[in-house]
Amino acid sequence: MAERSAPVGVMDSGVGGLSVLAEIQRLLPSESLLYVADCGHVPYGEKTPDYIRQRCRRIAEFFQAQGAKAMVLACNTATVAAVADLRERYPDWPLVGMEPAVKPAAAATRSGVVGVLATTGTLQSAKFAALLDRFANDVRVVTQPCPGLVELIETGDLGSLQLRQLLLGYVQPLLAAGCDTLILGCTHYPFLRPLLAGMVPADVAIIDTGAAVARQLKRLLAARELLADGPARDAAFWSSADPRSLENILPVLWNTSGSVQRLQL
C-alpha cells in the first residue's frame, strides 16, 4: 500500500506535459511530483503505437521503482497507445490519461463547428473516433494534424517567426470552416495560447484538458485515501535526452529553474 507522502509520476514525450504538471500543482499543492520528459524519443505523434507502448512501459517501471503512488500520462498520443496496456499491467495503480476535450467543446460551440488541433497519431486513433461517435453527433468536427509544432515548442522559443507561421497555417482553415471552438489536443499546445489569442477572434473558445486531468487525479487519490497532507517536495525532473535542453526550457515553461537528471531507458 502506497503512502500518502509518496510522489506522483507524470510523463510526456517532451515538455508539453509541463502544462499538465502546472495544473496538478495548482490543484494539489501538497503532492510531490516526478516528471519524465522522453525528449530522446519526441515526437510520439509520428511513432508507431507499439513503439510508444514500449516507451511508456519503461517509464512506468521507472516510476514504480521511485515508489510513485500514481502515474499521469500527460500526453494524448501516449494515452491512445498505452493507457489500456498499462492499466492491464498495473490494475491497482491509479493511472490517469489524456483525451481531447470533445465533450466540453461540443457543449460550448454556438456555430456547431468545432476545430481540433492535434498530432497525427491522436487524430488517426480509434480512441479519438470513439470520442467523436460518443459526444460529437450533433456538431461538425474539423480536424487539423499539426506536424512540426511539437518540435518547435520543444526549443522553448515560443515567439519565433517559424512557429507563428506554422501555427497560423494550421488555424486559418479551421476558422474558415466556421469553428468557434478550438480543442488543443496535445499537451504541448497550451503553451501556444498567447499566440493563438492573437490569431483568432475574441469569441472563439480555446479548450484543453489539463485542469480536468488534475481533477481526475485528485478523485482517484481521494478514493484510495492517498491525498498528501504534508508539504510537497520540490518537483524532480528527468529527460531521456541532454538534460541541459530541459533545464534551459524550465524557466520559460515552468517559470522556475531546476536541475534535470539524465534518464537512460
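Think of each number as a place in line: the chain as shown, counted from 1.
Heads up, the Cβ atoms here are built off N, Cα and C, so glycines get one too.
Swiss-Prot has this to say about the protein:
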type	residues	note
BINDING	ASP12, SER13, TYR44, GLY45, ASN76, THR77, THR187, HIS188	substrate binding site
ACT_SITE	CYS75	active site, proton donor/acceptor
ACT_SITE	CYS186	active site, proton donor/acceptor
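Residue density at SER13 (substrate binding site): 32 other Cβ atoms are found within 10 A of its Cβ, drawing on all protein chains shown. ASP12 (substrate binding site) sits 5 Å from CYS75 (active site, proton donor/acceptor), taking the CA atoms of both as reference points. DSSP assigns THR77 (substrate binding site) to a helical segment in the three-state reduction.
The Cβ of THR187 (substrate binding site) has 31 other Cβ atoms within 10 Å, all protein chains considered. Taking all protein chains in view, 30 other C-beta atoms sit within 10 angstroms of the C-beta of THR77 (substrate binding site). Considering other CB atoms within 10 Å as the measure, the emptiest surroundings among the active-site residues CYS75, CYS186 are those of CYS186. Summarising the substrate site geometry, the residues cited as binding it (ASP12, SER13, TYR44, GLY45, ASN76, THR77, THR187, HIS188) extend over a maximum Cα to Cα distance of 12 Å. Across the structure, GLY45 (substrate binding site) and CYS75 (active site, proton donor/acceptor) place their CA atoms 10 angstrom apart. Neighbouring residues of the recorded substrate site, listed in sequence order and excluding ASP12, SER13, TYR44, GLY45, ASN76, THR77, THR187, HIS188, comprise GLY14, GLY16, GLY17, VAL42, PRO43, CYS75, ALA78, THR119, THR122, VAL150, CYS186 (Cβ within 8 Å of the Cβ centroid).
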